[in-house]
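Chemist: Take a look at this one; I'll ask things after.
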Amino acid sequence: MMARNVLVSGGAGYIGSHTVLQLLLGGYSVVVVDNLDNSSAVSLQRVKKLAAEHGERLSFHQVDLRDRSALEKIFSETKFDAVIHFAGLKAVGESVEKPLLYYNNNLVGTITLLEVMAQHGCKNLVFSSSATVYGSPKEVPCTEEFPISALNPYGRTKLFIEEICRDVYGSDPEWKIILLRYFNPVGAHPSGDIGEDPRGIPNNLMPFVQQVAVGRRPHLTVFGNDYNTKDGTGVRDYIHVIDLADGHIAALRKLEDCKIGCEVYNLGTGNGTSVLEMVDAFEKASGKKIPLVIAGRRPGDAEVVYASTERAESELNWKAKYGIEEMCRDLWNWASNNPYGYDSSSEDNSH
């Protein structure tokens with residue numbers, strides 16, 4: 001059975017909006033639920049445009065997942081075949097300062113969603129977990145069997161939600177759940193119309209680089225250049241957001257398989273790239289020089305993290321197609337057209 005009606009929580013966000021577009025283009029009908037805490041409704045207006053005639057199969061509700069009655073209303077109006085759950089707060093530093101905010105938002109939101117899904121007989125879920133659950137891995141590449149641990153409250157919310165999902169499946173084998181552990185999503189849709197638009201100071205390398213390139217910040221701070229890596233800077237597995245979005249569609253297809261329980265897949269490229277290599281690729285793509293300031297290591301930052309991709313390749317039939325050149329090219333296309341993100345636009349932000 002082809003999952004036709006999909007609810008996407010957090011669908012106005014960075015990864016969510018790109019996934020919603022790929023879903024629409026793939027023939028799905030999509031209902032987005034997002035409280036717009038860290039996103040803009042403009043992203044969905046642009047998704048609708050990019051989807052052309054497929055755009056009419058998109059609807060949006062500005063709702064917080066903790067608002068049970070609003071969520072129940074949405075589930076009673078549409079019979080969903082599956083849910084893709086992106087919604088959650090994701091700033092590591094803020095999670096350390098405000099742990100209860102993170103636990104309340106991410107855990108209570110997810111538990112409410114799972115309860116309402118069960119109540120309405122929708123037991124197919126794709127959850128956006130994160131490579132952060134590997135903590136500081138003792139070796140690489142990270143396989144799905146590695147022990148999981150987390151270094152901050154944000155990471156713990158991802159880890160706890162994974163455990164909750166395993167317990168829900170353990171209690172009721174009608175559930176089919178896929179946990180996707182993303183590595184480091186970067187880039188943007190090749191149109192340059194949607195992309196990453198973090199509020200406040202970005203936590204991740206590439207949104208920071210993009211803000212330096214468009215003149216919003218004076219320099220990039222590199223945390224640690226004394227790691228035991230090729231150039232002393234931290235190594236991560238960067239993945240193009242379009243590849244990541246396509247991974248979610250592969251996961252939805254997998255949910256149609258009757259033999260599935262609660263499964264975990266890494267979504268990465270399997271290649272490690274250092275901070276300096278990434279900055280260099282971005283400078284080439286943009287023609288801009290990124291001034292660097294070297295600082296000490298950030299506590300809790302791992303040295304080298306990249307994915308083992310074998311399981312996703314063999315079981316989801318999915319493989320990342322794009323390299324860092326395309327990631328940087330598409331990122332710059334988005335950033336140069338939208339230097340202030342969605343606030344650069346004159347589109348009405350009120351609906």
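Glycine too: its Cβ is placed from the backbone N, Cα and C atoms.
Computed from a predicted structure; not experimentally measured.
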Chemist: If Swiss-Prot gives Gly13, Tyr14, Ile15, Asp34, Asn35, Leu36, Asp37, Asn38, Asp64, Leu65, Phe86, Lys90, Lys158 as binding NAD(+), which of Tyr134, Tyr182, Tyr227 does it give for that site as well?
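Modeler: Swiss-Prot lists Gly13, Tyr14, Ile15, Asp34, Asn35, Leu36, Asp37, Asn38, Asp64, Leu65, Phe86, Lys90, Lys158 binding NAD(+), and from Tyr134, Tyr182, Tyr227 it also lists Tyr182.
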Chemist: Sort Asp37 (NAD(+) binding site) into helix, strand or coil using the DSSP assignment.
Modeler: coil
Chemist: If you count, for each of the binding-site residues Asp37, Asp64, the other Cβ atoms lying within 10 Å of its Cβ, which residue has the minimum?
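Modeler: Comparing Cβ neighbour counts within 10 Å for the binding-site residues Asp37, Asp64 gives Asp37.
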Chemist: Looking only at Gly13, Gly300, the binding-site residues on record, which one has the least crowded Cβ, with the fewest other Cβ atoms within 10 Å?
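Modeler: Counting other Cβ atoms within 10 Å of each of the binding-site residues Gly13, Gly300, the minimum falls on Gly300.
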Chemist: If you measure from the Cα of Asn203 (substrate binding site), which of the recorded positions Gly13, Asp64, Tyr154 is the nearest?
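Modeler: Comparing Cα positions, the candidate nearest Asn203 (substrate binding site) turns out to be Tyr154.
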Chemist: Output the one of Asn35, Ser130, Asn203 that, of all these binding-site residues, has the highest number of other Cβ atoms within 10 Å of its Cβ.
Modeler: Ser130
Chemist: Phe86 (NAD(+) binding site): which of the recorded positions Ser130, Tyr154, Arg236 is the nearest Cα neighbour?
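Modeler: Of the recorded positions Ser130, Tyr154, Arg236, Ser130 has its Cα closest to that of Phe86 (NAD(+) binding site).
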